[in-house]
Amino acid sequence: MLEDELHQSAAGDTPPEPEAKESDAAVPVEETGSIPEKTTAAEPAEGDVPPEPPKWKKVLQTAKKVVLKLPYPYLIMRIVGCYFMVMAAFLLINRKEIRGGSLNPVEKWEEFVDKLPLLPVLLCVLAGFVVLTLLRLLLKRIWKSRCEPDGLVMVVGVVAMAFQTIWRTNNYYYALAFIVVCTIIAWFAYRYGSFKIVEKLPKAAIYITIGVLMCLMGVFIAVFTIYRHKVYGSMAFDFGIFVQMYHNMAESFAPVTTCERDKLLSHFAVHFSPIYYTLLPFYYIFPTPYTLLIGQAVLVATGVIPLVGICRKFKFSNMATIGFSVVYLFCVELIAPCFYDFHENAFLPMLLMWFFYAVEKKKYVLMYIMTALLLIVKEDVSIYMVLLGLFCIFRLEKRYHGAVVAGFSGVYFVVVTRLMEKYGEGVFTSRTYGNLMTDKSASFGNIIKTVITDPMYFITQCVDEKDFKLMLIIMIPLFFLPFVTKHFSHYFLLAPFILMNLAPGYGYANDYGFQYVFGTTTCLIYAAMINYAELKGKHKEFLPIFMSISALLFFSSLVGGNVGSKELYDNNRERYDVKDELIDSIPEDASVACDSFYLPHLAQRDEIYLLDSNDVEPPSFTDFVIVRTEQNEEWEDQEVSKLQTEGYVYYDGCQDMMDIYVSPEYLAEHPDLQLAEKTY
């Protein structure tokens with residue numbers, strides 16, 4: 001056995017190695033001094049190269065990476081925005097066919113769908129998409145940061161399309177529907193930061209934009225109110241009386257008329273409004289009715305200037321500044337009344353905004369100047385000023401300034417109304433607030449008594465259907481912000497709206513198309529601004545976007561129809577030229593009685609009177625009488641028979657338009673007067 005063992009040792013046999021442990025495999029190289037071998041089952045042999053994937057597979061992999069990295073929300077907004085823009089352009093280009101009814105997207109929707117050129121529309125959308133993509137890259141280079149204008153383009157596109165769709169429809173519900181749609185789309189864009197581009201614009205660009213909008217709105221009001229006058233749409237009340245008043249003011253400095261009450265009477269006996277004298281220098285230089293209409297347009301539009309000053313005081317963002325400016329400039333309640341001819345109330349938006357600017361900037365001299373100017377606008381404006389004075393008591397650090405405004409305004413109201421009752425026609429309290437008066441001959445004290453003793457009845461007078469509709473048209477573009485405040489004093493700014501528009505039983509007081517909303521709406525816009533300034537929250541900046549959209553769409557639907565006067569004039573110009581020629585043929589020194597729609601064109605004379613069905617029985621006394629025959633009313637024939645019986649002679653006229661008669665006395669004094677022969 002010993003030999004066997006020696007034999008094995010000599011043969012070089014070695015004992016078997018121990019099994020490797022898991023802990024040994026984890027020993028680092030530094031401790032073992034050797035590198036453990038790695039073995040892989042699929043390891044290629046040395047020198048072999050793995051096969052390359054096919055080219056088509058590489059292309060697909062690259063495309064997949066690109067697609068996964070695409071900013072889908074922005075691409076969607078970009079292409080949707082292009083579509084809306086193209087549709088808005090299509091509606092604008094085909095506006096005549098749409099207005100005529102043959103291509104109306106709402107009333108003739110089947111014809112619209114059939115006639116819409118799909119291929120050109122899609123090509124335009126594609127081209128717009130490419131242009132916007134290049135624009136996005138350009139803006140990124142300019143601002144050296146990420147810029148996403150796609151959402152803004154989408155919002156502008158959908159608002160433009162909605163604006164064109166409901167233009168001149170005069171449909172309150174269409175406006176509401178599109179406001180909802182546009183707001184949803186705007187919210188989506190806002191959530192993706194699409195409006196941040198507005199904040200990157202310099203302040204100068206914002207102010208220039210607002211200035212351009214101000215000029216455009218002023219031109220819009222002036223041009224189309226002038227066309228309303230040119231198509232004989234303006235009336236004795238309330239334009240003819242002011243044309244004659246300014247004519248007499250330029251001649252004798254006296255604000256007298258004959259057409260307002262069928263007698264020589266100062267207009268201040270009806271409404272105490274010395275503010276009219278501020279426009280007299282312009283009328284003296286340009287003695288035409290157009291001067292009054294242009295002046296009114298300037299007064300309303302320039303109210304945005306102090307509004308921007310208030311925005312600067314509150315350090316509003318660019319979006320908020322533009323938003324409130326758009327709300328003011330496109331406000332239905334400030335634009336629509338301008339198309340009911342001419343009123344002293346048109347001074348209120350500008351003067352009130354300057355008053356509020358003075359309050360915010362604590363410019364007390366300016367505040368008192370504006371107070372004085374506001375008080376001479378009209379006797380009932382002193383009610384505004386009492387309430388605004390109470391507001392100032394709480395708003396100003398030096399409370400006594402507010403007390404002075406309120407106290408002086410109250411005294412002014414009492415003095416002026418007493419003088420008007422004694423020397424003038426009174427203040428028409430029962431006409432306006434007769435629904436709140438137990439004694440129609442009483443004063444404002446009777447109204448206060450009703451409100452205090454029976455507030456239930458007072459509330460019911462403020463909430464009928466027409467009142468509610470007016471409130472929505474005013475409040476929706478303001479996002480109901482006048483109500484959103486923790487300061488009780490801010491509700492003094494709502495009080496004029498309740499007292500002047502909701503509570504009265506006078507039918508025109510709660511109609512946005514009449515002058516009674518000029519001042520109250522301005523107070524509500526200011527209330528919305530100061531309440532907005534106090535709001536907190538990360539989504540506060542969306543409110544001006546919503547407000548702008550609402551104001552634009554209400555304007556489009558409810559005010560846009562006023563542009564029809566230009567079309568009417570262009571389509572019937574020869575007829576209006578005939579009217580102008582006949583009216584201009586009447587001597588300027590002659591007294592005239594005529595229809596309400598003719599009176600403003602004849603009012604630049606000393607004596608002009610309104611002719612209607614009430615004048616059939618009383619004897620005629622003017623040098624000329626114009627009987628309007630366009631309506632074919634029975635009383636017109638009776639008036640002609642009466643004139644012939646009284647010896648009036650046919651002077652000139654046109655069939656189905658007007659017959660002009662001259663008195664025998666005037667004809668005797670002017671024997672050279674040429675008479676036309678009636679051939680119809």
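Here the Cβ of each residue, glycine as well, is placed from N, Cα and C on the backbone.
Marked as region 'Disordered' by TrEMBL: 1-54.
Panel annotation: around the transmembrane segment (74-93), residues 105, 116, 121, 124-126, 128-129, 132-133, 136, 148, 150-151, 153-158, 160-161, 163-165, 188-189, 192, 194 of the same chain, lying at least six beyond its termini, place a Cβ under 8 Å from a Cβ of the stretch. As annotated by TrEMBL, transmembrane segment applies to 74-93 (among others).
Per TrEMBL, the feature transmembrane segment maps to 118-139 (among others). Within its own chain, the transmembrane segment (118-139) has Cβ neighbours under 8 Å at 78-79, 81-83, 85-87, 89-90, 147-150, 153, 197, counting only residues six or more beyond its boundaries.
Note on the transmembrane segment (173-192): residues 73-74, 77, 106, 148, 150-152, 154-155, 158-159, 162, 165-166, 476, 539, 541-542, 545-546, 549-550, 553-554, 556-558 of its chain, located 6 or more positions outside it, place their CB under 8 angstroms from a CB of the stretch. What TrEMBL records for 173-192 (among others) is transmembrane segment.
Here TrEMBL flags 204-225 (among others) as transmembrane segment.
Positions annotated as transmembrane segment by TrEMBL: 268-286 (among others).
TrEMBL lists 292-311 (among others) with the feature transmembrane segment.
Residues or ranges marked as transmembrane segment by TrEMBL: 318-336 (among others).
The transmembrane segment annotation in TrEMBL covers 366-394 (among others). Away from its own ends, the transmembrane segment (366-394) comes close to residues 271-275, 344-345, 347-348, 351-352, 354-355, 357-359, 401-410, 412-413, 416-417, 420, 427, 487-490, 492-493, 495-496, 499-500, 519, 523 of its chain (Cβ-Cβ under 8 Å, at least six residues beyond either end).
Here TrEMBL flags 400-420 (among others) as transmembrane segment. Same-chain residues lying 6 or more positions outside the transmembrane segment (400-420) and placing a CB less than 8 Å from one of its CB atoms are 269, 272, 364, 367-368, 371, 375, 379, 382-383, 385-394, 426-427, 443.
Sequence annotations record features per position, and here TrEMBL assigns transmembrane segment to 491-509 (among others).
Look at TrEMBL and you will find 516-533 (among others) tagged as transmembrane segment.
TrEMBL lists 545-565 (among others) with the feature transmembrane segment.
Tertiary neighbourhood of the transmembrane segment (516-533): same-chain residues 300, 303, 307, 310-311, 314, 316, 320, 324, 327-328, 331, 333-334, 337, 343, 345-346, 348-349, 352-353, 356, 381, 384, 388, 470, 474-475, 478-479, 481-482, 484-485, 490, 493-494, 496-497, 500-501, 508-509, 540, 543-544, 547, selected by CB-CB distance under 8 Å and a gap of 6+ residues from either end. Long-range Cβ contacts of the transmembrane segment (292-311) within its own chain (Cβ-Cβ under 8 Å, at least 6 residues beyond either end) map to 207, 210, 213-215, 217-222, 225-226, 229, 239, 242-243, 246, 279, 282-283, 320-321, 324-325, 328-329, 334-335, 338, 342-343, 346-347, 349-350, 352-354, 356-357, 360-361, 518, 522, 525-526, 529.
Away from its own ends, the transmembrane segment (318-336) comes close to residues 195, 198-199, 201, 203, 206, 209-210, 213-214, 217, 220-221, 300-301, 303-304, 307-308, 311-312, 349, 473-474, 477-478, 512-513, 517-518, 520-522, 525, 528-529, 532, 541, 543-545, 547-548, 551-552, 554-555, 558-559, 562 of its chain (Cβ-Cβ under 8 Å, at least six residues beyond either end). If one looks beyond the transmembrane segment (204-225) by at least 6 residues along the same chain, the residues whose Cβ comes under 8 Å of a Cβ in the stretch are 293-294, 296-298, 300-302, 304-305, 308, 318, 321-322, 325-326, 329-330, 335, 338-339, 341, 562-563, 565-566. Outside the transmembrane segment (268-286) by six or more residues, the chain places 242, 245-246, 249-250, 255, 260-261, 292, 295, 344, 347, 373, 376-379, 416, 419-420, 423-425 with a CB less than 8 A from a CB of the stretch.
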